[in-house]
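Mind having a look at this structure? Questions to follow.
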Amino acid sequence: MCHSSETPMRLVRELETNPLFNSGRGSALTAKGTVEMEASIMDGTKRRCGAVSGVSTVKNPVSLARLVMEKSPHSYLGFSGAEEFAREQGVEIEENEYFITPDNVGMLKLAKESNTIMFDYRIPTAENGKSPLKMNGLPMSAYAPETVGCVVVDNEGRCAAATSTGGLMNKMSGRIGDSPIIGAGTYACEVCGVSCTGEGEAIIRGTLAREVAAVMEYKGFGLQEAVDFVIKHRLDEGQAGLIAVSSKGEVAYGFNCNGMFRGVATQDGLKEVGIWK
């Protein structure tokens, strides 16, 4: 049987190599026009985890996050230290230009030209075309394509989760979002596995992924009830969504924005995809 963290890593790797998603190749660009990627992975059985931030040459950041978990004494490495560790471990490396797509160059230009428009189908816009949303009290001037993530539970009830992203388009260099932060963008334990997407700052403040597990543990909620509670009560004015599985084999999702790309597959042959509510 595969290690419980193997499956989410493999699936996220596939999405990282597809330029249509905001992870790996196709990652959102910083204000400087470069890529700074981040990822995390967590095995719920023993709460083992690994995370990386600020990587700019690693083809599959989620693979590096797993190596941090399995081959280092630490849980989280960032920027030059993460890059050095990647080379020591022999992971596949690409030049920064590999990750930059013409579409994202165009989106960065649009983001720089506007102080308030957020070019994302998930975000409602006012009649004047400006986004009503703010981040930490400031008007949003960033494009936020979808982060990628995966949660799995095996036939023994072991949960795992992984998340990978390029972050926000036009973000400040050095900005770290929720995706690599255990308990915020990613979490797995004995009861569930969770991966989040959306406004990272709000997800961090709400410790969103851990909160799903917490209300299951302390309030006795079922998985979908826990997801609904957290989306409603822990995001304040932030926009986000998440996917989750429980150790009982339940699958759940929730979001408070217009839509969220998602899919589910089971060993019984069930396969479903969705975007809207």
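These residue numbers are counts, starting from 1, taken along the chain as shown.
Backbone N, Cα and C atoms are what each Cβ position is placed from, and that goes for glycine too.
Annotations for this protein, taken from TrEMBL, read as follows:
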ACT_SITE  Thr147  active site, nucleophile
BINDING   Arg175, Ile176, Gly177, Asp178, Thr197, Gly198, Glu199, Gly200  substrate binding site
Any idea of the Cα spread of the substrate site, Arg175, Ile176, Gly177, Asp178, Thr197, Gly198, Glu199, Gly200, as a max distance in Å?
16
Could you tell me the C-alpha distance between Gly200 (substrate binding site) and the residue listed as 'active site, nucleophile' in angstrom, no decimals?
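About 10 Å separate the Cα atoms of these two residues.
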Could you list the residues of the same chain, at least six apart in sequence, whose Cβ is under 8 A from the Cβ of Thr197 (substrate binding site)?
Glu146, Thr147, Gly149, Thr163, Thr165, Gly185, Ala240, Gly241, Leu242, Met260
Give the sequence-ordered list of residues that share a chain with Asp178 (substrate binding site), lie 6 or more positions from it, and have CB atoms under 8 Å from its CB.
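The answer is Ala184, Gly185, Cys196, Gly200, Glu201, Ile203, Ile204, Leu208.
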By a simple count, how many Cβ atoms lie within 10 Å of the Cβ of Thr147 (active site, nucleophile), its own Cβ left out?
30
